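> Here's a structure for you.
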Amino acid sequence: MKIAVLSRNPRLYSTRRLVEAGERRGHQMVVIDTLRAYMNIASHKPQIHYRGRPLEGFDAVIPRIGASVTFYGCAVLRQFEMMGVFPLNESVAISRSRDKLRSLQLLSRKGIGLPVTGFAHSPDDIPDLIAMVGGAPLVIKLLEGTQGIGVVLCETQKAAESVIEAFMGMEQNIMVQEYIQEAGGADIRCFVVGEKVIAAMKRQAKPGEFRSNLHRGGTASLIKITPEERMTAIRAAKVMGLNVAGVDILRSNHGPLVMEVNSSPGLEGIETTTGKDVAGIIIEYLEKNAEHGLTRTRGKG
């Protein structure tokens, strides 16, 4: 197969591994800088141009679209879909998963466990908003934040009010969530490929920190997940319509709670921790499922 990898940087671990895994299995792998692809939208025959030439003959496309280029990246991916190229994850599923609030609304509708979450616009509603999630300590999250940036733990009511007021004053969209103390600064990253959890790791925040992101100095270790956690991760990816997803789960006193569903999960942490050839499993999934013109919009909303 001829497989496109949409990535800003061919030297990134995840991009490199996907290219290696594809080439090892006899496929032609082409890395395309997402922001350098351009399109004639109204042309009768959909096309994408790159460095002065049309992109042709692709069987599948692997989107590795960073959060900051979601809008343009999804437009390029949509154009590939119009050309009948099979996407590892569909554009509509990626844009759905990048909207944190929309994601939680969809997961909630399907009865998937979530931390109690509040959202408001007016500063007048701050006391009610805090009460809604059970009071302090609580977590405040910027809706546009990634990799733990824009996530604040407020240990007192006063601190929570001040931080929420500050964010609202800057006209930033935030959500307020209950703090799951019993998780002890740890979460579980479940790597889902084609309705199976193919690998899982526990991420533990460094001492004095509550965010477990590896980018923030967290450490990763092997973990045995429960059948309920496995089912939760698979269902969450399915609701979002993602074939490949990193589902982040907290262990709480009332079962697994989904924190986030990531449509472009990094491979380095999960491969290094588990020793699994995740890139190879992704290429295998494409071999079994990539059919020309097969873009089914999975998930609803």
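Residue positions begin at 1 at the first shown residue.
Every residue gets a Cβ built from N, Cα and C, even glycine.
Straight out of Swiss-Prot:
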BINDING   LYS141, GLU178, TYR179, ASP187, ARG211, SER212, ASN213  ATP binding site
BINDING   ASP248, GLU260  Mn(2+) 1 binding site
BINDING   ASP248, GLU260  Mg(2+) 1 binding site
BINDING   GLU260, ASN262  Mg(2+) 2 binding site
BINDING   GLU260, ASN262  Mn(2+) 2 binding site
DOMAIN    104-287  domain 'ATP-grasp'
> Would you list, in sequence order, the binding-site residues among LYS141, GLU178, ASP248 whose CA lies within 10 Å of the CA of ASN262 (Mg(2+) 2 binding site)?
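Close binding-site residues: ASP248.
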> Using Cα coordinates, what distance in whole Å links GLU260 (Mn(2+) 1 binding site) and ASP187 (ATP binding site)?
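If we compare the Cα positions of GLU260 (Mn(2+) 1 binding site) and ASP187 (ATP binding site), the gap is 11 Å.
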> Identify, in sequence order, the residues in the chain of LYS141 (ATP binding site) that are 6 or more apart from it along the sequence and have a CB within less than 8 Å of its CB; answer 'none' if there are none.
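When sequence neighbours closer than 6 are ignored, LYS141 (ATP binding site) has LYS100, GLY150, VAL151, VAL152, ILE174, MET175, VAL176, GLN177 within Cβ distance under 8 Å.
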> Restricting to the domain 'ATP-grasp' (104-287), report the mean pLDDT as a whole number.
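Within the domain 'ATP-grasp' (104-287), the model's average pLDDT equals 93.
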> What does DSSP assign TYR179 (ATP binding site), in three states?
coil
> Hey, of GLU178, TYR179, ASP187, which of those binding-site residues are within 10 Å of ASP248 (Mn(2+) 1 binding site), Cα to Cα?
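Cα filter at 10 Å returns ASP187.
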> If you count other CB atoms within 10 A of each CB, which of GLU178, ASP187, ASP248, GLU260 wins among these binding-site residues?
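For the binding-site residues GLU178, ASP187, ASP248, GLU260, the Cβ with the most other Cβ atoms within 10 Å is ASP187.
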